[in-house]
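As structure tokens, the structure follows; a few thoughts come after it.
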Amino acid sequence: MAATSWSKAALSQAVLGFWQLGPVAAREWTTRFPSLLGCQRRSVTCVAGGAFSGPLLASASRRYGQNSALDRFLGLSQPDSSLTSRIPAVSMHRDEQDLLLVHHPDMPENSRVLRVVLLGAPNAGKSTLSNQLLGRKVFPVSKKVHTTRCQALGVITEKEAQVILLDTPGLISPVKQKRHHLELSLLEDPWKSMESADLVVVLVDVSDKWTRKQLSPQVLQCLTQFSQVPSILVMNKVDCLKQKSVLLELTAALTEGVVNGKKLKLRQAFHSQPGTHCPSPAAKGSNTQSVGGPQRIGWPYFQEIFMLSALSQEDVKILKQYLLAQAQPGPWEFHSEVLTSQTPEEICANIIREKLLEHLPQEVPYNVQQKTIMWEEGPSGELVIVQKLLVPKESHVKILIGPKGHLISQIAEEAGRDLMDIFLCEVQLRLSVKLLN
């Protein structure tokens, strides 16, 4: 059984504004882009509907644009080989992103590929883990449930291996979907993802005392229906636990005491090293007709177990190496410069929605409609975005704007910083609030 070492590391210090890059990655960026170190931050003043400008990276943006992903695969530039392992940015231009998605992959002869589906209950940390695995924040993250509203795709490409991450909405029951008037995608997308999966990563939030002692019925149903797909268990947020003994109890319950076809010795949980790929008993054709019984709370067919904090780069790196190692011989699906299948506009809308969920109370953020009015490149290479936030009640207008416009200003500032890190250019984000007619 594989398990990561116990980690209590806090969030890594941000370097040059890049989201949750650790010290190693920071040194790499310092080495590869020394010119960025000369960029100066300027103070930000923002009122309701005002503009947000991030650090002055316009010159760096223009330099990056001239050596963009599109330029590279069209043969218009010859990048230094030392840049091949860097984390790609997402283009601010939809046409360039679209071209990247359809362009023939630049794969080596010995290419390998793995399609991974992340399953878990709402708010288990799937998007946070996906962002850490990708090395850049492209999926929205919030403490509120149902932040991810539909299937999103991320791509990890290192050397000859490509791992495709399918970040699915949290699995919910049809009853909850109808009761809360949620999109049908929240119910259907996880199941659709399983049809093309090579590996399933089941994520459990071990800090949630109410849900951690058993897999949700929806997760178990999904695992049962696709029992031929190998699966691993990731126990997330272990840094929130004060007693390690709790992990042993949870491991026994969530796996029914069996991992990779072997009876689990609980003390292995803190001493074993990541193992090699080995099909689970279910993948070997074992009879799983009875695994969906009403008394089942765990899944005895996990190949491996990982205990980690999705906020810890050290922990996530071990899982990432495991996933890359599981990639099987086959053609890549995407060019190496593709980080996500989302359009720039979708990323922007999701990031702003994340901030709304974080800062607005109760049901208010779920009733906000977003409408992009402007999306264009400015004269200095900056990205100019104007978006209207439409709300159904006058009281919601006042809540969203906040006292003296401070709240809408904070939302614009935080979203603008995230977008700058995704697109690697200066971002001017202007938000306004309007009452729905």
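All residue numbers here begin at 1 and follow the chain in the order shown.
Every residue, even glycine, has its Cβ placed from backbone N, Cα and C.
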Need the matching range: TrEMBL marks region 'G1' on one of 120-127, 280-287, 328-335, and I'd like to know which.
120-127
Pick from 31-35, 146-150, 341-345: which stretch is listed in TrEMBL under region 'G2'?
146-150
Which of these ranges is annotated region 'G4' in TrEMBL: 104-107, 208-211, 236-239, 404-407?
236-239
What range among 79-82, 95-98, 167-170 does TrEMBL describe as region 'G3'?
167-170
Could you tell me the mean pLDDT over the region 'G2' (146-150), as a whole number?
49
